[in-house]
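Chemist: I am attaching a structure below and will ask some questions about it afterwards.
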Amino acid sequence: MKALKERILRDGKCFEGGILKVDNFINHQMDPILMKSIAVEFVRRFASTNINKVMTIEASGIAPAIMVGYLLELPVVFAKKKKPVTMENMLTTSVYSFTKDRSYDVCVSKDFLSKGDRVLFIDDFLANGNAAKGIIDLVEKAGAELSGMGFIIEKAFQHGGDYLRNAGIRVESLAIIESLDNCEIKIR
């Protein structure tokens, strides 16, 4: 996606350890026009896919997932990183965050993810694939089906995409970062 790649090159910032900061247009302050274009592209790429639910994990995946859900006229469910006291009937799994260097127990209500659901997972980043693996676990525990996974940015050098594709999962990434060596952003 050309507009996204140009924006990453113009406004993205690189930090040691393979961190790409895009908080000025994707995951802290958001550019709603760009986010709409991102959602339109995901909808185009998954147009022939049988989906009845869009899913993400809080917090940075919520905006693109809502835009995709809006365009597809489908409900959006996000896995929570903290169990609400009001949630009784839930599925849980553990997810390691590369950026925050810690693990979270994430949960989703069985009322919103269940057998027969055909899920499209949308998130901001794909690095090592840990969040994606957690979502796969939740989907499997629910008896639902994972129809595909869409990521705004994939960091190819961290191989999460390789893992998912080798597992037979359909992965669509709108911008693929080949390298952040010497803090130079190289996009495929």
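Using N, Cα and C of the backbone, Cβ positions are placed for all residues, glycine too.
Pasting the relevant annotations from Swiss-Prot:
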type    : residues                     : note
BINDING : L20, N27, K155               : xanthine binding site
BINDING : A127, N128, G129, N130, A131 : 5-phospho-alpha-D-ribose 1-diphosphate binding site
Chemist: So for G129 (5-phospho-alpha-D-ribose 1-diphosphate binding site), how many other CB atoms are inside 10 Å of its CB?
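Modeler: I get 23 for this one.
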Chemist: Compare the C-alpha of K155 (xanthine binding site) with the C-alpha of each of the binding-site residues A127, N128, G129, N130, A131, and give the closest one.
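Modeler: Closest candidate to K155 (xanthine binding site), judged by Cα separation, is A127.
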Chemist: Would you kindly give the Cα-Cα distance separating N27 (xanthine binding site) and N130 (5-phospho-alpha-D-ribose 1-diphosphate binding site), rounded to the nearest Å?
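Modeler: Between the Cα atoms of N130 (5-phospho-alpha-D-ribose 1-diphosphate binding site) and N27 (xanthine binding site), the distance comes to 18 Å.
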Chemist: Please give me the CB contact count at 10 A for K155 (xanthine binding site), counting all chains in the structure.
Modeler: 24
Chemist: Write down the Cα-Cα distance for L20 (xanthine binding site) and N128 (5-phospho-alpha-D-ribose 1-diphosphate binding site), rounded and given in Å.
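Modeler: About 14 Å separate the Cα atoms of these two residues.
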Chemist: I'm trying to understand the geometry here, so how far is the Cα atom of A127 (5-phospho-alpha-D-ribose 1-diphosphate binding site) from the Cα atom of L20 (xanthine binding site), in Å to the nearest whole number?
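Modeler: A Cα-Cα distance of 10 Å.
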Chemist: Across the listed xanthine-binding residues, L20, N27, K155, what is the farthest Cα to Cα distance, given in whole Å?
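Modeler: The two farthest binding residues have Cα atoms 16 Å apart.
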Chemist: Applying a 10 Å Cβ distance cut-off over all chains shown, what neighbour count does N130 (5-phospho-alpha-D-ribose 1-diphosphate binding site) have?
Modeler: 19
Chemist: Work out the three-state DSSP category of N130 (5-phospho-alpha-D-ribose 1-diphosphate binding site).
Modeler: helix
Chemist: Could you state the CA-to-CA distance between G129 (5-phospho-alpha-D-ribose 1-diphosphate binding site) and N27 (xanthine binding site) to the nearest Å?
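Modeler: About 18 Å separate the Cα atoms of these two residues.
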Chemist: Around N27 (xanthine binding site), which residues of its chain at least 6 apart sit with Cβ under 8 Å of its Cβ?
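Modeler: Result: A59, S60, D124.
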Chemist: How big is the gap, in Å, between the Cα of A131 (5-phospho-alpha-D-ribose 1-diphosphate binding site) and that of L20 (xanthine binding site), rounded to a whole number?
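Modeler: Distance between the two Cα atoms comes out at 17 Å.
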